[in-house]
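Let me begin by presenting the structure, written as structure tokens, before commenting on it.
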């Protein structure tokens, strides 16, 4: 038998009868002796109600508060987690609750709800852990909803809306069908091809001379570039037309990247064919060159098809504080050592440090240990300053690196876990829906008009797996006064 040491307090909420009342509860095979004066400190909880009704209530009333009741031993049985119950008891003795290591936060919240204890009694450290788990569950629930939306077909949609949804899945969700996967692979190939063509077009041996003797892009490479742009344009237009919120689509970061990858081609065409009439040819050529450089933006389109690049982006977002510290350390060091280098090198007649802003370049390449050698100190004190600067640079760079790498590992692992959990949840929901359809074939035929589907929305929402996510839908709330298991005596 396991029990807390009994400690009496002067301030008790129970009556004199309840102060002397003691009850025996058996939690998952672990017996506890509890006292009325302790339990009545929180009269709204299940245990307080149990101790107050233990003396003057019938067996049926007592069975409504527990899973089973032995009248001969006057012992109450609960099919609950004994380790979690030890944490629950801390509220009555110490006024707050701590979750022990190894207990699932969401399962512990269900235990607290069963015993009628509010989450406000949790300690702050436990609340932060609970919030992290709730955030993960929300993300899993969002992934599960997206998968279910892809699998389910809403009969209330019009034909145009169905075509729009089909086109959106085809262009945005490669996992939804084989055709969508083929389009994603083709789009990825076009991105790589256009990037290779952009690089090859700068090779002098592959360029040709125009009528004025200027080197221009080879016609074959230009034709390939045109084909890639046509694909990118068609893809962008189809995704825009299939979007449910076109304003949000236009201002999305990745869609802005897609637009910047397409726009220079058409602007170059306009400047080439119409620009010569309103401006000088040299200005047109400079504008064309500047816009051609913008074609490098299409390399960022790879992030749409690469989960690794997306994970890297999320990791950098979560590491903004560490990156800010790195920039701050480097900025302070650059300003300090460039000022010292300028001051110490003034005595040398052939000094390369003509000003402090000009010395910033030397400080940057020194602290980052690049060291091009185009600027270097010539005095002894200046060389000592350079030695200290690159040692400090190594330390300044190394300090925030570990947190940044750790954030990347956390984000990557979290993404893998969320994807696995979402797929696992979908499989379990489908299995439970199939089992329910087999158990109730007649009701299923009546509801579906003679045809049944594993992905029927009602069946899926009613099925609960061992990793059930409460955020996925509304479930029947169990009252604190009603047990989740029926009493054996009933």
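Using the three backbone atoms N, Cα and C, a Cβ is placed for every residue, glycine included.
Any TrEMBL annotation is an automated prediction that lacks curation.
Feature annotation from TrEMBL assigns coiled coil to 130-161. Marked as domain 'BTB' by TrEMBL: 21-132. Residues or ranges marked as transmembrane segment in TrEMBL: 178-203, 249-271, 323-344, 356-375, 387-405.
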Revision key, fill the gap. Within the same chain, the residues 6 or more beyond the ends of the transmembrane segment (323-344) and with Cβ under 8 Å of it are 316, 353, 355-356, 359-360, 362-364, 366-368, 377, 379, 381-382, 385-386, 388-389, 392-393, 396-397, 399-400, 404
Revision key, fill the gap. The average per-residue pLDDT within the domain 'BTB' (21-132) comes out at 83
Study note, to complete from the structure: Helix, strand and coil residue totals from DSSP for the domain 'BTB' (21-132) stand at 52 helix, 21 strand, 39 coil
